[in-house]
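K.L.:
Before I ask anything, here is the structure I am working with.
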């Protein structure tokens, strides 16, 4: 039994190392592919290059994922992919960009990178609010085990209720298929961070998102200073070195990251304001407490099922207004 457990542990470690190596190679190839845009389309406008970067990134990610799964039959690690992207940008900054950056900007960006690495590790190892049979008494008893959920391939939901701990968000227990566990205040399972986002680590998740936005904004400032001092944007693409093309492509990559992350942060701030989780927003028809049955009017055969937020603190009291916003 001891040997079997050791073998399983060794196999799991080998798989983790292999997935990290695949992620590192994938990050490196992604950045090289993006450098083709400023290399061959330098005469195009910046918005055109940005659009081409999106298209090229989607094509490469899709084709690369298909090759990994179908041909090589290997899997990458999403948290490792995020980490190696941070490491690549930071390494490129130190070796190329840093020489043209003032000391203050350099110190700010370096501190932000360190914060991201620490934050990524913290959220990866954090407890999102896992509820066990022994710790569920203050919330709701778990009448069905996780194995029963897996065997019947059904998602068993626990009754929702308002928290008595004074939290503005309240406490709701949901089941996560990825973690195979019940999570208090489950918002979503985040593949990029390799963990569920729940009641216990939701604040850390938001802080980390703001950290990414701040770090990427700092890198844009530093890379723009480098581009202005070196004059790479004024030279033909054939006269640029690989590092100079990478400087432009990393700017494009960072802008793309900023666009979706800002939208993502706005969405989560909105969810906090109206006291709803992402999982509840998407799967509200599965949760009885979010259903508002409107009796049929004369001439109608069936009742209408509409959305209501039982945890709303008065921000959107009118159901019709809420439905209009959602539409």
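Just so it is clear, glycine is given a Cβ too, placed from its N, Cα and C backbone atoms.
Just so you know, TrEMBL annotations are computer predictions that nobody has curated.
Take a look at what TrEMBL says about it:
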TRANSMEM  21-41  transmembrane segment
TRANSMEM  47-66  transmembrane segment
TRANSMEM  78-101  transmembrane segment
TRANSMEM  107-124  transmembrane segment
DOMAIN    172-285  domain 'Palmitoyltransferase DHHC'
TRANSMEM  203-226  transmembrane segment
TRANSMEM  246-270  transmembrane segment
K.L.:
Return the stretch with the most CB pairs under 8 A relative to the transmembrane segment (21-41), choosing among 47-66, 78-101, 107-124, 203-226, 246-270.
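P.N.:
Stretch with maximum Cβ contacts: 47-66.
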K.L.:
Could you count the residues of the domain 'Palmitoyltransferase DHHC' (172-285) that DSSP puts in helix, in strand and in coil?
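P.N.:
Summed by class, the stretch gives 74 helix, 14 strand, 26 coil.
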K.L.:
Please average pLDDT over the domain 'Palmitoyltransferase DHHC' (172-285) for the predicted structure.
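P.N.:
Averaged over the domain 'Palmitoyltransferase DHHC' (172-285), per-residue pLDDT gives 89.
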K.L.:
Verify whether three or more Cβ pairs under 8 angstroms connect the transmembrane segment (107-124) with the transmembrane segment (47-66), leaving out any pair fewer than 6 apart in sequence.
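P.N.:
Stretch pair does not touch.
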K.L.:
State the residues, same chain only, that lie 6 or more residues beyond the ends of the transmembrane segment (246-270) and have a CB under 8 A from a CB inside it; answer 'none' if no residue qualifies.
P.N.:
31, 34-38, 49-50, 53-54, 57, 89, 92, 96-97, 187, 205-206, 209-210, 212-213, 216-217, 219-220, 223-224, 226-227, 230, 232-233, 278
K.L.:
Which sequence positions outside the transmembrane segment (107-124), separated from its termini by at least 6 residues, show Cβ-Cβ distances below 8 Å to it?
P.N.:
79, 82-83, 86, 90, 93, 101, 193-195, 201, 204-205, 207-208, 211-212, 214-215, 218-219, 222
